[in-house]
Amino acid sequence: MGQGIWKPLMITALFVLLVDLFYGAVVKQTAERGAEISYTRFRDEVAANNVTKVTLRGKNVKGQFRNPIKVPAVTVDEKGGTVSASSFTTTLPSIEDMTLLPELNNRRVDVTVVSTEGSAMGTVFLYLLPWLIILGVWWLVMRGMRKQGPTGMMGGFARSGAKAYTSERIEVTFADVAGMEEAKQELREVVEYLKEPKKFQQIGGKVPKGVLLVGPPGTGKTLLARAVAGEAGVPFFSISASAFIEMFVGVGASRVRDLFATARKSLPSIIFIDELDAVGRSRGAGFGGGHDEREQTLNQLLSEMDGFDPHTELVVISATNRPDVLDPALLRPGRFDRTVVIERPDWRDREKILRVHTKKIPLGPDVDLGVIAKGTPGMTGADLEGLVNEAAILTARENKHIVGLDELERAKDKILMGGERHMVISDEERRITAYHEAGHALVARLLPSTDPVHKVTILPRGRALGVTQQLPEDDRYHYPRAYLVNRLCVALGGRVAERIVFNDVSSGAQSDLKHVTELAEKMVCQWGMSEKIGPMTFPRGEEHPFLGMKLAEEKTFSEEMAWLIDQEIASFIRAAEGKSLELLSANRTKLDALAAALLEEETLDGQRVDEILSAS
């Protein structure tokens, strides 16, 4: 909650206290008035010589009894009984009683007459006092909000809520970021500009004021942005783009204004907006129309970035893993005019990342981080950090003090294949699973240009009853057609093995069939690998209206072409299935040997698979 909201809260609390005191005094005054009796009862008590003192104020009479009398109770606590009263109040009748004063004098009653002048004003003031207090509090609150500026009227809701880090609090530098040398080199220019802006301004140079970091989740985009702030030694304001959006209309735009206004007070400074696609999606697309809160927030962000002073030392860094859905206005020169792509690290960068995360972890002499790095293709920095942490947890659970190669391998298997599940499986199902996984492994071993088999297991892991894991010898950036066709064959090897051995197929190949269908569709529709269709691409199932893309993408091919595409996809899958059937039928002995070894040992590594196949 913003600091400006505390003053109105304190004023409100003071108002409540004053009202409480006021009504407390009124109640006390009422309690001191005495018992309310009728005029007839009053005259009776005067006639009985039981009244000692009377005060007359206009038509109101207040007095004291010589001896207390019993009167009906008027409070809930007394439950309708009677109470003793030594004082009283009553009201004179409208028609003046000419005998009252003479009788009071005869009874020697002390009579006091109080002037009623000014009492009307006092009564009016008494009733107006609470309203005067309310109006006063309202005036003070509104004056305080006006002093806070445009965002003050919304109180704490209009505050951006960005986390501010001073240069002393940011300890991350480029030295703490392993790999990403090209990305760091591009961002060093921004650091130099923030450190020495005059050097660039003297020659009329302009450094990009907006830098967009693009890459898959977990590749270190946020870490890289913090490293820029640490290297430059300037204040760093960090916020997630989703924090701009609120249920109240206009709050998002107010928070954007507040964020930039705060950053400009601490120049030079850096604003980091994470997950930019939360507010930066294309306008006028999807559902919600052109006047929803997200679009208002985006418009304000565009206005703030476009309104930069050309010599203002304020740099905006944003991160996203969906650059394809961003509004084109964000990417034009003058806003996010530099895009830094951060891809998954290669094995050399993975080794550097592993060394960073294992600095404080005791490693055994058998650990070779280079081997671990080569065996983790496709893993991001966050994945590798999780791998090291999982290995440390396994080591501590087993009361060991050094993380060895076995713990790292088990942690890697848990991340890649899922954790082991202990469940009771019948012998028949274990046999089906063993032949299924043996079929995958054998086809992968027999075909050329396939990734080596790393591990085969029939122990349930994750949601699968068995897993065959292949790891490429090096990172791949291009996939030849022959390699992809062989991947189809390997994926169908398990189902084909079930058909050969049991003359039937099971539901265990569900994920395999989904994988081969998606891969064959990409080969035909995206990569132009069909000889009948040729080098053409066809968008199928790429509509993302909720991500800011087109609500309905126009179909660019005929029904005849759609039928041909379906036929080609089915042809690719049938050809791969036939090739797997041919290989496994010709090597039935090796298939049986591999399945028997799995039933006995449950888990086989790549070297053990080669030994079994060589012996059979």
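Any Cβ shown, glycine's included, is placed from N, Cα and C.
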Check TrEMBL for me: it has His436, His440 binding Zn(2+), so pick out which one of Asp349, Asp366, Asp512 it puts in that same site. Asp512
Fewest-neighbour residue among recorded positions, criterion Cβ within 10 Å, set Glu437, Asp512: Asp512
Provide, as an integer number of angstrom, the distance between the C-alpha atoms of Gly215 (ATP binding site) and His440 (Zn(2+) binding site). 32
Rounded distance in angstrom between the Cα atoms of Gly220 (ATP binding site) and Asp512 (Zn(2+) binding site): 32
Just to be sure I understand the packing, how many Cβ atoms besides its own are within 10 Å of the Cβ of Gly218 (ATP binding site)? 16
C-beta crowding around Gly220 (ATP binding site), within 10 angstroms: 24
Between Pro217 (ATP binding site) and Glu437 (active site), how far is it from one CA atom to the other, in Å? 31
Long-range Cβ environment of Lys221 (ATP binding site), under 8 Å and at least 6 residues apart: Leu213, Gly215, Asp274, Ala319, Ile342
For Thr219 (ATP binding site) and Asp512 (Zn(2+) binding site), the CA-to-CA distance in whole Å is 28
Calculate the distance in Å between the alpha carbons (Cα) of Thr222 (ATP binding site) and Asp512 (Zn(2+) binding site), and round it to a whole number. 35
